[in-house]
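The following features are taken from TrEMBL:
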DOMAIN    37-123  domain 'Aminoacyl-tRNA synthetase class Ia'
REGION    141-168  region 'Disordered'
COMPBIAS  150-163  compositional bias 'Basic and acidic residues'
DOMAIN    696-783  domain 'Methionyl/Leucyl tRNA synthetase'
DOMAIN    818-939  domain 'Methionyl/Valyl/Leucyl/Isoleucyl-tRNA synthetase anticodon-binding'
DOMAIN    965-1024  domain 'Leucine--tRNA ligase RagD-binding'
Amino acid sequence: MAPKGATVEQLESQTAKLKLENTTKRDTLIDWENKYQKKWEDEHIFEVNAPLEDMSMDELREKYPKFFGNMPYPYMNGALHLGHAFTLTKVEFTTAYERLKGKRTLFPMGFHCTGMPICASADRLAREIELFGKNFELPAEEEEATATPEQKKSPVAHEDVTKHGGKKSKLAAKTAAVKYQFQIMQSLGIPREEIHKFADAKYWLEYFPPLCRQDCTNFGLGIDWRRSFITTDANPYYDSFVRWQVNKLHDSGKIKFGERYTIYSEKDGQPCMDHDRKSGEGIGPQEYTGIKMEVCEFPEAAKTDLASVDLNGKKVFMVAATLRPETMYGQTNCYVGPSLTYGLYASNIPDEYFICTPRAAKNMAFQKLSAERGVVTELAQLKGEHLVGALVKAPYSVYDKVRVLPMETVLATKGTGVVTSVPSDSPDDYATLADLRKKCEYYHLNPEWLKNDPVAIIETKAYGKMCAETLCQKLKIQSPKDVKQLAQAKELAYKECFYQGVMIIGEFSGDKVEVAKPKIRADLIAKGLAFAYNEPEGQVISRSGDECVVALCDQWFLDYGEKSWKELTLKALDRLNTFSPEVRNGFRKTLDWLSQWACARSYGLGTRLPWDPQFLVESLTDSTIYMAYYTIAHLLQGNPYGSAPGLLNIKPEQMTPAVWDYVFCQKAKPTDSTIPDEALERLAREFQYFYPFDIRVSGKDLVPNHLTFCLYTHAAIFDEKFWPKGIRANGHLLMNGEKMSKSTGNFMTLHEACKKYGSDATRVALADAGDTVDDANFEEATANAAILRLYTQEAWSREMVEKKDTLRDGPYNFHDTVFDNELNQIIELTDAAYSVTAFKTALKHGFYDLQNARDWYREVTADKQMHRDLVRRFMEVQTLLIAPIVPHWSEHIWSAVLGNSGSVRLARFPELTHPVNTMLTNSLAYVRNLTRVIREAEAAQLKRQKKGKGMLFDPSKPRRLTVYVAEKFPEWQAQYVKLMQQHYNEKENKFADKAIIAGVEKKEMKRAMPFIQQFKQTLLNRSEHVTAESLFSRELGFNELTVLNEVKPYLLRSVGIKELRVVLLKTPADNATQFTGVVESGEQAGETIDVAANFANALPGQPTFLFENVSA
């Protein structure tokens, strides 16, 4: 699937502006990248198949372990950006690591084309061609007015602006105010004279997939491209697979037909699901109860507004939308927004009119509440202030008729614009009524309209019978302007009344509110006093630019939430590795609320519903189990379009439902199939070997839809052994600490990043960006620094290989052994990090810490040279540990520098030469800490000297360093160590502080508590290789004197001293005032000397030291 023409270059012009000061090192790295990408492609490194040996599947997997990773296929309406790359690296790093661990790893990727976005964009282009011609020649003044700042500077911007994924990739977030679709296409780097081709939706399918593949290849991804495919019925094999999938769901009763409320686009003439939206992803219908409040008396101003309408024999209702129908007993009035515009609308019942906002009327028109579906018949408009004073009937209220009053906070964008007032239980209503009563004259209100007092309707333990009044007093709410407190009060009132409240009025008095609420609602509707009304929870804009409504539609829907299916899906979730508790909680919350989901549409690209071909399968329905299709795609199709047969020479029409059942559901082999048995068995074998997938990586925004649908559909169709093993969700990607946005210029495509920094440096920055579900951060400074580090490390490696004969050989000395042990420790830590997809940690250990270890080893052996074998081992370990993250650099070191045969991508993860030796680890930490403390003391003395303060020694003259070493810990500390051990919870890594304090005598507090605090901090903040038991035992695990003797040459050289003297402190008697020690080295070796008290407080592993000037 070669790219068409120079389309990649068309996306490159913006990259040309992103230049580094000196690109020589970067260009060298990119040359290596190009070289090894070709090598991997020529050698088919990433093409992997199921073994063909004749043995059971369990035996086959035991002998040839596998790993299958994937991510949601990207949408084909633009170039990949760094957000895509971030998710891609999670799969790439994992599969590359598992390959190093000896597994057959599969990483495939398809191209998503299903749904509305491509069709909507193509249709807009077709309309613009009709207006402006094939070259989109706008009038000059409009050309200037509609151009973005980037377009005024250059015809090219950064990236696709119609990507349909998470919230950060919506058109609104990435464009600056472009008016036309062709301008969006220009921002993708497409010449204006070629844009007309995209008016054909099929052209998108030909144009963008090759670009996606090339970007991924240039990024060094280990993808098996044989298994790629485009979605929609343009690929007959994939189309057959989707038809089989939805037939299975339909036949098992999971797909049903009926009326349901759904988000709907009038312009598109179909439901608008998440992937069809420009904004408002995740928003669903909100169900209200529409209360019909018959108008008994209009004010004069309203009569004037309605003068042109014949109301004789007609009933007019003000319609209030409420979420709390159980509170209707307590209505004292109703509210309207005085500044809002209302309308009088014909309803679905002859001679009945509704008063509400135009937005509400439009929603009602699609819910069988108007005379004609989708038609809003507005008879008149009324100003909200003209309705104030109207007299209306209040269903179920103790006050049969109530007045309409003004409320400034009524919104035109929520509900119907008419609000029932229940001041006993609504803090907003209570505060507004109290304010109106105080300022009756100011609002020009008749005091008689405000005479109805709140009525007790619900009793709660927390707030009594007047919930709203109690909360307003408690939170000190003085007026409707106390918005923050009112929001808090509203939440508290709703929760307390619904879950703890008991009705104390009406037919259902004595019932809990949560029991009475649905009964009261049903009763109101049955008596014709109310009706069901729905509207979107928030604003939803379709990709065609239409503000959506809620419609009651006859449609095919998936019955997510059905009890038995949900239980099966919960079982699948329990077995799933979610890599973080936040993701598992996200799944559980989604399963709690998710129910029916429209699975068909009439507009867009996709597969036709087999039993009702007027509809297409919705894009979040046909993308739930395609991961299974990856396992056999290369055997069925000869290219991503399915225009030619694959390896088994099977035609699309041969893939009957019975064949799919045999391959994926282990049903009986179809006797009427024209596919040879050997080919059928190969298909089934390939699926059963690689499935289930081991990890699927996605943005966290797909947990509430796609990823949960994935679990549901797997549970419905596949045997348990093929259910997903792992789903990992990550946060969105920031860039340089800020949200990525085209309009601000803080944005970069994957292509641009690889051009600017090279793929390996980009991968380093992405690995360093973060691994949690919180938003990660791509730092350009990190990528830039990686270029220098990789280049410098390669130069050093070449130098070491060239001068290997000058390096030391023979037996290992102390420093060799310690370095070899540290290599083993870092291998172990990096392995552990990779195994849990903690790539930032893996990079830290396997790249930065390892190089720091090498630097230390080089420094401590400067007088004797490094050991040849260890230098070679370091280079191999370094190469292998970071091969998943920087594969091109690693391949270069592995083959060109070290001269190893084969590809580093097929090598094996480094093994430990021996188990990690804690004694050596502790010895190394001891020496490093001692060196640091000594240097800090020297620096402090120099600082004192500069400030003219008293000098303890002259740093410019010869010095002697005396290190005072303690033989054992003070006896008095032992009892407190034992006390802390008794009250330590190792599982939670916590101490019971109160119990510890209670165990210390008052007279010992001054001495004991500082020690206890210090010991606790040491234990709580210990490194991964240090156990709590080893700290409680208070054993160093190494001989302090021996280690000091080994590092003596290094300390003399490093610290720049003339003499090093080590003194072993003698254990003093209790209450001793004189301290002594024995000199262990130097001219005074064996002598006992007096030691000042401030140097005698050394502890094992924590020596004290003294600098003194000595004669030259």
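Placed from the backbone N, Cα and C atoms, the Cβ positions cover glycine too.
Only pairs six or more apart in sequence are counted, and the domain 'Aminoacyl-tRNA synthetase class Ia' (37-123) with the domain 'Methionyl/Valyl/Leucyl/Isoleucyl-tRNA synthetase anticodon-binding' (818-939) gives three or more Cβ pairs under 8 Å, enough to call it a contact.
Confidence in the domain 'Methionyl/Valyl/Leucyl/Isoleucyl-tRNA synthetase anticodon-binding' (818-939), given as mean pLDDT, stands at 95. For the domain 'Methionyl/Leucyl tRNA synthetase' (696-783), the number of residues in each DSSP class (helix H, G, I; strand E, B; coil) is 44 helix, 20 strand, 24 coil. The residues of the domain 'Aminoacyl-tRNA synthetase class Ia' (37-123), classed with DSSP into helix (H, G, I), strand (E, B) and coil, number 39 helix, 13 strand, 35 coil.
Residue counts for the domain 'Leucine--tRNA ligase RagD-binding' (965-1024) under DSSP, split into helix (H, G, I), strand (E, B) and coil, are 37 helix, 5 strand, 18 coil.
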